[in-house]
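Feature annotations, courtesy of Swiss-Prot:
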- 38-154: domain 'Urease' (DOMAIN)
- His43, His45, Lys126: Ni(2+) 2 binding site (BINDING)
- Lys126: Ni(2+) 1 binding site (BINDING)
- Lys126: N6-carboxylysine (MOD_RES)
- His128: substrate binding site (BINDING)
Amino acid sequence: RISGIGKAGNPDVQPNVDIVIGPGTEVVAGEGKIVTAGGIDTHIHFICPQQAEEGLCSGLTTFIGGGTGPVAGSNATTVTPGVWNMSRMLEAVDDLPINVGLFGKGCVSKPEALREQIEAGAVGLKLHEDWGATPAAINNCMNVADEMDIQVAI
């Protein structure tokens, strides 16, 4: 993690120290480089586990999206639909060397199905016009997200 930018050292023996460091501090020289704590892909179609390695190689540390693996639905959508699929996908991504958040499907007009997906582990809900983002569905999704303090992707 990046904890600071500036002149690091021991202020007892060096002048103008901005960041006090100790014997357990890892220092990375970043002159002339772009240094980031890690990128976040917020629109990932979970198709295969190899995506984690590809993401890490390009500086990503977090995937947020959805899918159920190598099926047509994952190509078309970035949600993991339903409690059963959410549970299976959470098991599948548990050992990946990357942070993962799964979206549940948000286009429903009754709140129970949304709550079930969140309780099963969804970090957020996704609304999409292809699934019937009617005013009632949008209102329902936003109300449940507010009630359960989660994000909505529209």
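The backbone N, Cα and C atoms fix where each Cβ goes, and this holds for glycine too.
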Kindly state the mean pLDDT of the domain 'Urease' (38-154) in the predicted structure. 93
Fewest other C-beta atoms within 10 angstroms, as judged across His43, His45, Lys126, His128, which are the binding-site residues: His43
Secondary structure tally of the domain 'Urease' (38-154) (DSSP, helix then strand then coil): 51 helix, 27 strand, 39 coil
Quick note, His43 (Ni(2+) 2 binding site) and His128 (substrate binding site): C-alpha atoms separated, nearest Å, by 13
In angstrom units, rounded to an integer, how far apart are the Cα atoms of His45 (Ni(2+) 2 binding site) and the residue listed as 'substrate binding site'? 14
Shell of the Ni(2+) 2 site beyond His43, His45, Lys126, same chain only (C-beta within 8 angstroms of their C-beta centre): Thr42, Ile44, Gly65, Gly66, Gly67, Thr77, Thr78, Val79, Phe103, Ala153
